[in-house]
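What Swiss-Prot says about this protein:
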- 14-34: transmembrane segment (TRANSMEM)
- 27-157: domain 'EamA 1' (DOMAIN)
- 46-66: transmembrane segment (TRANSMEM)
- 83-103: transmembrane segment (TRANSMEM)
- 107-127: transmembrane segment (TRANSMEM)
- 139-159: transmembrane segment (TRANSMEM)
- 188-208: transmembrane segment (TRANSMEM)
- 220-328: domain 'EamA 2' (DOMAIN)
- 220-240: transmembrane segment (TRANSMEM)
- 254-274: transmembrane segment (TRANSMEM)
- 284-304: transmembrane segment (TRANSMEM)
- 309-329: transmembrane segment (TRANSMEM)
Amino acid sequence: MGEDMRVVKVESKWPPIIVMVISQVAMGSVNALVKKALDVGVNHMIIGAYRIAISSFILAPIAYILEREIIPEITFRLMVDHFISGLLGASLMQFFYLLGLSYTSATVACALVSLMPAITFAFALILRTEKIKSLRTQAGMIKVMGTIICISGALFLTFYKGPHISNSHSHQEALPHNNNSDHNTKNWLLGCLYLTIGTVLISLWILFQGTLSIKYPCKFSSTCLMSIFAAFQCALLSLYKSRDVKDWIIDDRFVIGVIVYAGVIGQAMSTVSVTWGVKKLGAVFVSAIMPIALISASLFDFIILHTPLYLGSLIGSVGTITGLYVFLWGKNKDMEA
C-alpha cells in the first residue's frame, strides 16, 4: 500500500515537470524572437502592452469556465494587490527587461534571470525571513557560495563581451564594428543593468505572489486580473519613448506574429505554468528548471535566427548556471535538515 502511494506521488509530479520544461523551452524562443522584433525599432512597451493584453484576452474565458464557481469576493484590497502584482511582475519588469533585451541578447537576458533565486535569497536576508544564524551551517555556507558564483558569472558576462562566435549564416549587421565599439560597449553595460533591475523586480514579484496566492488561490483569474492592470500600465509607460498614436499601428507581419506568440505562450501560458509549478513542485524545483530557457534561447538565437554569440556571454552563462545549482543544492540540504 505504501509503495503504491509512493508510485502515485512520483507519477503525479511528472505532468508539472513536463509542462515546466516545455514552458521554459518556449520562453527561450520567445526571448529570441522578441529581441528580433525589438531590432526592427518597435517601442518596447508597445510590444509589452499588446503582449499582456493578448494574455488577458486568452485567460479571461479560461478563468470564467474553470473558476467561475470558486472565485473569492474581489475586495478593494485584492484589487490593489493585483495592481501591485501587475506592476512588479509585468509592466515595470517588462519596461526594464525588454529595454535591456534590446541592448543585449536573448542569451544574456535568460542568463541574468537565472540570478533570481540568489537575489530572492539576498532579499530574504535583508527582510529577515532568512535567519543569519543559518548561514553558519553547511547548507547556509553552500547557499552563500552559490550566490557568489552566480553574481560572479553575471558580472563576467556584463563586463566581458569577448569575441563573437558566428556560424556561416550569421547576419553581418549583427556583428560588431570597430568604429562604434565604445557605443556598443556602453549599450551592452546599460542593457545588463536594465536586465538586472528586471530580474530584481521578478524576485520581488515572486515574494509578493506567495502572499497573494494564499489570499486569492485562483491562478487563471488572478493572472488575468494582473494582466488587465499591467496592460494599462504598459500603455502609460510607453509614453516614455513615444507619444505618437501611429506607433501603435504595427504592419510588420513578423512583429505581429511575435507579439501574438509572446502573448499566448510567453505571458499567459508561461505565467500560469510557473504558478502551477511552484504550487505542485515548490519554488526550488521550478528554479532548477528555469536554465532550460537559457539553453533554448542560445540554440534558437544561433541556429535558427543566425545571431552571433559572444564568448563572454557563454562563459558568464555557464558560471551563472553553476552558481544557481550550487545554491539550489544548499537550499535542498537546508530543507532536509
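Any Cβ shown, glycine's included, is placed from N, Cα and C.
According to DSSP, the secondary structure content of the domain 'EamA 1' (27-157) in residues is 109 helix, 0 strand, 22 coil. Secondary structure counts, DSSP: the domain 'EamA 2' (220-328) has 93 helix, 2 strand, 14 coil. Of the two recorded stretches, the transmembrane segment (254-274) does not lie close to the transmembrane segment (107-127), with fewer than three CB pairs under 8 Å once pairs fewer than 6 apart in sequence are set aside. Distant neighbours of the transmembrane segment (83-103): 31, 34-35, 38-39, 44-45, 47-48, 51-52, 109, 112, 187-188, 190-199, 201-202, 204-205, 208-209, 212, 222, 226-231, 233-234, 237, 240, 267, 271; these residues of the same chain sit at least 6 beyond its ends, with a Cβ under 8 Å from one of its Cβ atoms. Distant neighbours of the transmembrane segment (284-304): 17, 20-21, 24-29, 31-33, 35, 105-107, 109-111, 113-114, 116-117, 167, 274, 277-278, 314, 317, 321, 324-325, 328, 331-332, 335; these residues of the same chain sit at least 6 beyond its ends, with a Cβ under 8 Å from one of its Cβ atoms. Sequence-distant contacts of the transmembrane segment (107-127) (same chain, at least 6 residues past either end, Cβ-Cβ under 8 Å): 27-28, 31, 35, 97, 100-101, 143, 146-147, 150-151, 153-154, 157, 191-192, 195-196, 198-200, 202-204, 206-207, 283-284, 287, 290-291, 293-294, 296-298, 301, 309, 313-314, 316-317, 320-321, 323-324, 327-328, 331. Contact between the transmembrane segment (46-66) and the transmembrane segment (188-208) is not supported: fewer than 3 Cβ pairs lie under 8 Å, counting only residues 6 or more apart in sequence. Where the transmembrane segment (309-329) meets the stretches 14-34, 139-159, 188-208, 220-240, the count of C-beta pairs under 8 angstroms peaks at 139-159. Listed by sequence, the residues of this chain that lie at least six past the ends of the transmembrane segment (220-240) yet keep a Cβ under 8 A from its Cβ atoms are 43, 45-46, 48-49, 52-53, 55-56, 59-60, 62-63, 66-67, 71, 74, 79, 82-83, 85-87, 89-92, 94-95, 212-213, 247, 267-268, 271-272, 275.
Below 8 angstroms of C-beta separation, residues 81, 84-85, 88-89, 92-97, 99-104, 108-109, 112-113, 115-116, 119-120, 123, 154, 157-159, 161, 283 of the same chain, each at least six residues beyond the ends of the transmembrane segment (188-208), sit close to that stretch.
Tertiary neighbourhood of the transmembrane segment (14-34): same-chain residues 47, 98, 101, 106, 109-110, 258, 261-262, 265-266, 269-270, 273-274, 276-277, 280-281, 286, 289-301, 304-305, 307, selected by CB-CB distance under 8 Å and a gap of 6+ residues from either end.
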